[in-house]
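What follows is a set of notes on a single structure, which appears directly below.
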Amino acid sequence: MPLSASLFCVFSLVLGGCDLLLEAPAPIASPLAFGNPSNAGSEPDNYLMEKPQYVLSYNRERGTANWVAWTLNPQWLGDAERQNDFRPDDSLPEDWYRVRPSDYTRSGYDRGHLTPSADRTASEADNSATFLMTNIIPQHPKNNRGPWKDLEEYCRELVDRGQTLYIVAGIHGKREKIGKRKRVTAPMSTWKIIVVLEQPGMRVAEISERTRIIAVEIPNRERIRDDWKKYRVSVDRLEEKTGYDFLQPVPQATQEALELRVDNLE
């Protein structure tokens, strides 16, 4: 990972010593480098959870995350196998219901990842963290195994080309309560915003109107198109639908230009 700051040694002829000066702001590193879109905190339906592998806003009433944010670069990718150990998240407050894998049984929905399993293969522990039920949503198989999966693979292709990604993905709307206990709400759609950085270690101040932003919203139902590119939208569109504020630290003029644009690169 890039160093968080540059250290410079200044020699003093008077003291004959070496002083270390900390210079330059830290490069982008945190999954929340581009903001906490819902200002998640301690509220039960907007509960901030920070893990080494990703950060999320959890919604107790829905039984799923509102959104999950993570970074993707070569350091997160390796040879760890898929752990497939879906399980409740014991880090939730003790008096909250903890969603179980069985809450999805015979629901007609996949246990769909927000942070993909394949984005965390540097170690078994990293991969296992993606199977916590707080990272899982009810996803229709046509969504999860179709355009959503293809977009996940495209993101890893970008990393293979040397790019660093900052990603936030989430849900919108309420389709139905699922499972025997009716503790989990299936969303109407899934969305994702991807900030594509050409150079590792870039800073927020270096983001320009030329920075690539990919935003999509994909219906969570059976009848959908196969190509994720058909579902590209503007960040503005997602802000209007969700009420969230994305790209908060980016200078206002640059932010407005980026959020208005719809990605059209192939």
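Cβ atoms here come from the backbone N, Cα and C positions, even for glycine.
TrEMBL: automatically predicted annotations, no manual curation.
As recorded in TrEMBL, the features of this protein are as follows:
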type	residues	note
DOMAIN	50-253	domain 'DNA/RNA non-specific endonuclease/pyrophosphatase/phosphodiesterase'
DOMAIN	51-253	domain 'ENPP1-3/EXOG-like endonuclease/phosphodiesterase'
ACT_SITE	HIS113	active site, proton acceptor
BINDING	ASN144	Mg(2+) binding site
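Separation of the C-alpha atoms of the residue listed as 'Mg(2+) binding site' and the residue listed as 'active site, proton acceptor': 8 Å, rounded to the nearest whole number. Within the same chain, the residues at least 6 positions away from HIS113 (active site, proton acceptor) whose Cβ sits under 8 Å from its Cβ are THR130, ASN135, ILE136, listed in sequence order. The local packing around the residue listed as 'Mg(2+) binding site', expressed as other Cβ atoms within 10 Å of its Cβ over all shown chains, amounts to 21.
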